[in-house]
Amino acid sequence: MAFYTRTNKDDRETWGKKIDFLLSVIGFAVDLANVWRFPYLCYKNGGGAFLIPYTLFLVIAGMPLFYMELALGQYHREGAATVWKICPFFKGVGYAVIIIALYVGFYYNVIIAWSLYYLFSSMTSELPWLTCDNYWNSPNCTSHKSITDSVIGNGSSYAKYKFTSPAEFNERRVLHLHESGGIHDLGPPRWDLTLCLLAVVIILYFSLWKGVKSSGKVQTHCLSSTATQIKFHMDWPTSGFGVLIAFSSYNKFNNNCYRDAILTSTVNCVTSFFSGFAIFSVLGYMAEKRGVDIKDVATDGPGLVFIIYPEAISTLPGSTFWAIVFFIMLVTLGLDSSMGGMEAVITGLSDDYKILKRNRKTFTFIIAFGTFFICLLCVTNGGMYVVTLLDKYAAGTAILFAVLIEAIGVAWFYGVDRFSEDIERMMGFKPGLYWRLCWKFVSPAFLLFVVIASTLTSSGLKYNDYVFPDWSNHLGWMVALSSMMFVPCYAIYKFLTVPGTLKEKIAYCITPEHEHHLVAEGNVRQFKVGATFVLLNVVFFFYISNFLANTPKSCLKSQRQSLMRNHVLHVFLKYEFNMQTKHEIGLLLPFSAFAIGLFFFIN
């Protein structure tokens, strides 16, 4: 067996201090979702009971994938695209996650700009969202101090009532949403938000232009600032954006990435729990203050941090001070994550194209300010609709799909055994049986189930009472597919451009680049399947197929779903009988999860 010999990459930049790396990873993963998404999802899905599946999925998927990406980047010392020299067929996954990280930056920087605008607006003796006697207020505006059930009306929740002074400040003064008729009517960019966005981009550029030593220091200051100023505050640890691979590629070769994975993912989990307590303490206070149920003030997204929270802060003694502190926290929290995403793009592409690495400052400038010009769509009168579209489609299903293919590529094509040997060379010990089982079976099956579930349960776009037109949903799926299509398109490109017979082409595509000489010598690995293993899987799929086929049609939601069921069964059976390589067996368990998940979703 040929072992991998690492090339000399001692000239690659490394982190100035270990703490810079740890805080950069934590700073990226602990983002605005901790404040406005996780607590609400926890409340909406059973409160404390939600923490049970959350912790389970953290253990079986979040931590293993976190560990896998840190080890992958650290061993190969490459970005998200070039790390796939381990299996060139999957290099499209690297490009996909780079594109997704870029898309997320298009709207994430705008949210930071909103926070910056609120920060500047808070620097007054009286907070501007306290009263209704401002030029931007409508005749229907009601001071939040005077809100009662009779004012809101039956059947409406306090969180959705748009005529309070904080709500009107947000929608009429900051966003100017009332001047837009919908996503088809964006209008010009707002000059004040444009200046805030420009400030954000300038900060990002000067934080990243010199590499991770400068960005690590900035992120360390951001995170420590956030933690010390206010004790507010993932979904399970953030994998798949290429950020963890990029960050860990700048580690020393023998760094203990196993300990880093456990530490940082645990911090993420604990932070999410703590954020739930903090957020709902404030929402409980607001519910008591307004004399309504907590369900009437509970919300997620921008409405929580830009309407409900500012209103709560305005009721505190020294409200101006607390508003400034809160929005500094939001800005630093957002900058940490945005730096991580932009670094993933810069590292991923500059490792692939050396001319970009040699001109990092220029390339960083192009990425930062190129992002700025696209972000201008999000600071128009109807910019909130663009942000909503990107928030739903830019990542979502696309990032889950990318992580799924990444997990299959590493665990089944590169191989868990080979990957474990790489980790042993770095740290002196192999991953335990638990981690190997998760990488090979549990995590791919779970990810496929989540991908299918997110696709089947996807609904049309909506922002408050505004329902997006059908074409905008189609546009959203085009955005999602534009990143996902890199996976099959690059695979086809690679297959067509490598030399040799059909068998040799396949071998070149799925063999690590440092072993390509073995393929050229005719030493092509054989991929045979034991008859017993195939038989067991065929029997299993016949069982699943029969189970689904005998499902009463009355249980189906629609004729379309019935047709989908029959088509999927046909594909499963056809796939099983054409199974030829042991690498394809890596897809058996995920397809099993697909079948079971599909059954539950169509009934």
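Cβ atoms here come from the backbone N, Cα and C positions, even for glycine.
Just so it is clear, the model here is predicted, and its values are computed rather than measured.
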Please name the cysteine among C87, C141 that TrEMBL pairs with C132 through a disulfide bond.
C141
Between the Cα atoms of C141 (disulfide bond) and S337 (Na(+) binding site), what distance do you get, rounded to the nearest Å?
36
Excluding the flanking five residues on each side, which residues at least 6 beyond the ends of the transmembrane segment (393-416) place their CB within less than 8 Å of a CB in that stretch?
65, 68, 72, 84, 86-87, 89-90, 93, 96-97, 100, 103-104, 106-107, 239-241, 436, 439-440, 443-444, 447-448, 450-451, 454-455, 458, 476-477, 479-481, 483-484, 487, 510, 512, 583, 585-587, 590
With the transmembrane segment (437-456) as the reference, which stretch in 51-72, 93-120, 191-209, 363-387 has the largest tally of C-beta pairs below 8 Å?
51-72
If you count Cβ pairs under 8 Å, which stretch among 93-120, 307-333, 363-387 touches the transmembrane segment (476-496) the most?
93-120
For the transmembrane segment (261-287), give me same-chain residues lying six or more residues beyond its boundaries with a C-beta closer than 8 angstroms to one of its C-beta atoms, as numbers and ranges.
22, 25-26, 29-30, 34-35, 38-40, 42-43, 51, 54-55, 58, 62-63, 66-67, 70-71, 158, 231-238, 293-294, 296-298, 304, 308-309, 311-312
Stretch among 21-39, 93-120, 191-209 sharing the most Cβ pairs under 8 Å with the transmembrane segment (307-333):
93-120
Residue from A29, N34, N268 whose C-alpha is spatially nearest that of C132 (disulfide bond), among the binding-site residues:
N34
Grab the same-chain neighbours of the transmembrane segment (191-209) for me: Cβ-Cβ under 8 Å, and only residues 6 or more beyond its ends, written as numbers and ranges.
109-110, 112-114, 116-117, 120, 174, 215, 218-219, 335, 338-339, 342-343, 346, 360-361, 364-365, 368-369, 371-372, 375-376, 379, 383
